Amino acid sequence: LTSLIPCSLAQPVTPDLLVSPSSQDGDLGSECPEDRGNWTGRLDFLLSCIGYCVGLGNVWRFPYRAYTNGGGAFLVPYFIMLAICGIPIFFMELSLGQFSSLGPLAVWKISPLFKGVGMGTILIVSLVAIYYNMIIAYVLFYLFASLTSDLPWQHCGNWWNTDLCLDRHVIKAGNNTLPVNISNTVSPSEEYWSRYVLHIQGSSGIGDPGRIRWNLCLCLLLSWTIVYLCILKGVKSSGKVVYFTATFPYLILVMLLIRGVTLDGAWKGIQFYLTPQFDHLLSSKVWIEAALQIFYSLGVGFGGLLTFASYNTFHQNIYRDTFIVTLGNAITSILAGFAIFSVLGYMSQELGVPVNQVAKAGPGLAFVVYPQAMTMLPLSPFWSFLFFFMLLTLGLDSQFAFMETIVTAVTDEFPYYLRPKKASFSAVICIALFLMGLILTTEGGMYWLVLLDDYSAGFGLMVVVITTCLVVTRVYGMKRFCRDIHMMLGFKPGPYFRACWMVLSPATMMALLVYNIVKYQPSEYGSYRFPTWAEVLGILMGVLSCLMIPMGMVVAVLQEEGTLWERLQQASRPTMDWGPSLEENRTGVYVASLAGSQSPKPLMVHMRKYGGITSYENTAIEVDREMEEDDEEESM
């Protein structure tokens, strides 16, 4: 019940209309609830969204997906899917968060019957946060290893190397030709990653994790400590950190790009990356891959966008911000492809092998191929340090979003217990997720990381996004949702957004979901195939987030009274306190619906405070008039 009590009841205050202008303090004009916290700078929100969306996937997934799916031709389905699926869902999430000023759990006051969607979101984000911070720990490990005059993965001859290790530097220095069959050889960087960093030879598989690698454990502890210190004061602290973590990667990316394109053979790699193969566009796989890249790159469904928007002022122009972030994210992915493939082109020329033999995706690119390429450059430790520092900053602000989502969701559910202790609660969450992530620091930890990566945010996340889209447009109502946006931004979404929300976006995501189920392939890591019990465990991870939805429905129905149909109807309607968090922003059906509401007409408060009617008050009057006309039509 405490979550239903408005902020105005926390302390007795004089009704706003009875306060003389001279007795007001400056806080009355504030648009954000103070006790919840809000962005303190104009660019905090925008940079946080950019930092959240532009992550590791832009560097190690997009370039690889592009070249395997038609090169430059891949950009056609990529931008079409961005328009159909990415931008509309992105805008919907921001609108829900900003309109209600609530996190991903409490926002389901919009339709309590579907609160399980929010619970599923939190489960997915928690699982992703566990393994995502382990990747940041690997990056920290390599960052520290780069602080040397001679990179440790540059040569063979170390205790972790085997007889299969082939040091191409020695062969090149001696003007020897490479062995005819190099398929059975291993690069020093690959053995450094698998045999030294992971020490994977100490584990026989996922059921045999082996010992904890204490150097990795300390890196994981350090990464969680960094994350905690940055989210210590919520968006007030993380909103300042992103000024660095969201912008600095671009500086490094440009430096790596300039260095890459000036290398011999760079054009070979770029040509390989962008040469259009338009015949690929006839394959459904290419369109699915484009939609998947958009879906995961923008981070829709994880609750981060909704959480960030909930700390905005009520009239923040999220329409403009949507296009800035989504298009900026796409351009960053394309630029990263140039930076990566220019270096891979140089590497293929140096080794005398085709580009497709050195190109990889995921951790293989970040921790094997690119570090190996760095050893071929003059000042290799400097370029290696820059590359891993860029990965660190790219990863951190995405992790900030995951943690802020979890903390905000729970504190919004129990505001009067947890908000005053937000720092302590954040510490508890960080410690709990660190302890759960300890298995990832073992010798067989990479197997668990692959399992989490493959299943934690797979079909479960798609079900969450599809359900959200359908509930907002069908249960809550497209007309009502567009009115809410009109009240907030001063204009209604156009036919493009309405068509995408009603048909195109849900249909595309349903196709994605069906494709993922039909084309299901068991997880593997290199030549290792996961046992059946591990596959079942992974599938259960995905299914559990989906099961939260019917579980939430059962709880919501049991809390209502009447017949089953009456209970379903009551539980699907918005709660009485659904709407803008501040009374002065509540117009039309939202007027005086807050418990303890002090003003019969928030517009009167606005007029007295600001000395006249602004454009937003005109919008509110229009919305009220539309609602009255609709009520008259329904009564007739």
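Glycine residues also receive a Cβ, built from the backbone N, Cα and C atoms like all the rest.
Any TrEMBL annotation is an automated prediction that lacks curation.
Range annotated as transmembrane segment by TrEMBL, chosen from 455-476, 587-608: 455-476. TrEMBL tags one of the stretches 214-234, 382-402 as transmembrane segment, and that stretch is 382-402. The separation of CYS156 (disulfide bond) from ASN58 (Na(+) binding site), Cα to Cα, is 31 Å. Contact between the transmembrane segment (382-402) and the transmembrane segment (241-258) is present: at least three CB pairs lie under 8 Å, with pairs separated by 6 or more positions in sequence. Only residues 6 or more beyond the boundaries of the transmembrane segment (75-96), in the same chain, are considered here, and those with a CB under 8 A from a CB of the stretch are 66, 107, 110, 281, 286-287, 289-291, 293-295, 298, 300-301, 305-306, 308-309, 318-319, 321-323, 325-326, 330, 334, 465, 468-469, 472, 481, 484-485, 488, 493, 496-497, 500-501, 504-505, 508-509. Across the structure, ASP397 (Na(+) binding site) and CYS156 (disulfide bond) are spaced 36 Å apart at their Cα atoms. Listed in chain order, the extra residues whose Cβ falls within 8 Å of the Cβ center of the Na(+) site residues GLY51, VAL54, ASN58, SER297, ASN329, LEU394, ASP397, SER398 are ILE50, TYR52, CYS53, GLY55, LEU56, GLY57, ALA246, THR332. Here CYS156 (disulfide bond) is compared against the binding-site residues GLY51, VAL54, SER297, LEU394, SER398, and the shortest C-alpha distance is to LEU394. Sequence-distant residue pairs (6 or more apart) of the transmembrane segment (455-476) and the transmembrane segment (323-347) include fewer than 3 whose Cβ atoms are under 8 Å, leaving the two stretches without contact.
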